[in-house]
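These notes are about the structure you will find just below.
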Amino acid sequence: NASSVKEFILVGLSENEGVQKICFVLFLFFYIIIVAGNVFIVITVISSQCLNSPMYFFLSYLSFVDICYSSVTAPKMIADFLVENKTISFVGCIAQLFGVHFFGCTEIFILTVMAYDRYTAICRPLHYTTLMTRRVCSQMVIGLWVGGFVHSMLQTLLTSCLPFCGPNKIDHYFCDVHPLLKLACTNTYAVGIIVVANSGMIALSCFFILVVSYIVILVSLKSQTSEGRHKALSTCGSHIAVVVLFFGPCTFTYIRPSSDLSEDKSVAVFYTVITPMLNPLIYTLRNEEVKSAMKKLW
């Protein structure tokens, strides 16, 4: 690597001191909710005998990934609201880039697998127990972790091999591909195309699978009773809400070449902080089984 830059300066969400103090309190509160809410869901699923279906198995993994995903960016962002010198080392920056894409891509795969699980449970109920065994679920989880790792390694290697010789000011609150490409002192057009194609292919293909799954589910619900329809929609409703909250901002950021970084970092707040915070609330408020299991645990 021919880089002369040893550290980067993160601009953050705002350079106004008053706004930074408000953001510190607000995002610290958000992060506490993220960790507490998702840890509580993981503990509830592990300790409850009635939450042993594949849906809750994947939900516990989703909550674990949410904690990790937010922890890659949120603590640094919160700490930077209180300091004047918002620096991050080159190695730290690349590590953060890897973590964001690793856990972000893994979350996309988990949401896709959860949609397949709902499709199997509603459209093929007689084959559900043979199709979604604990062994199959474990293999799916291993597959999505491997998929997230491969995607993240590609993004990280392409970015870290670029030469950075100044300036070193990143217009973001964490290290991401688009802000770093703008700082590289070489032509990044080809790398930018590969990065967008890689992220876009994953986001679009997973979103396509999700849409097809729910179209098939909605069509099959016509033949079911009103009680069965209501139960199916209540479990699917939570998942659809999370998919919209996560895929919308994520697709907006990574499916196109970035032109406005200040716009990108505002959108990034949704998929790095807001969605992980809302996931526990969405799944507990709309799911009676999780609520009753939480009451027993409490």
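Each Cβ is built from the backbone N, Cα and C atoms, and glycine gets one as well.
Automated prediction, rather than curation, is the source of TrEMBL annotations.
Quick look at what TrEMBL annotates:
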type	residues	note
DOMAIN	37-283	domain 'G-protein coupled receptors family 1 profile'
TRANSMEM	24-43	transmembrane segment
TRANSMEM	55-74	transmembrane segment
TRANSMEM	94-116	transmembrane segment
TRANSMEM	136-154	transmembrane segment
TRANSMEM	189-221	transmembrane segment
TRANSMEM	233-255	transmembrane segment
TRANSMEM	267-285	transmembrane segment
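Beyond the ends of the transmembrane segment (189-221), by six or more residues, the same chain brings 105, 108-109, 111-112, 115-116, 118-119, 122-123, 151, 154-155, 158-159, 162, 177-178, 181, 228-229, 232-233, 236, 240, 243, 247, 250-251, 254-257 to within a C-beta distance below 8 angstroms of the stretch. Using a Cβ-Cβ cut-off under 8 Å and counting only residues 6 or more beyond its ends in the same chain, the transmembrane segment (55-74) has close neighbours at 27, 30-31, 34-35, 37-39, 41-42, 45-46, 96, 99-100, 103-104, 106-107, 110-111, 113-114, 117-118, 121, 134, 137, 141, 173-174, 235, 272-273, 275-277, 279-280, 283, 289-290.
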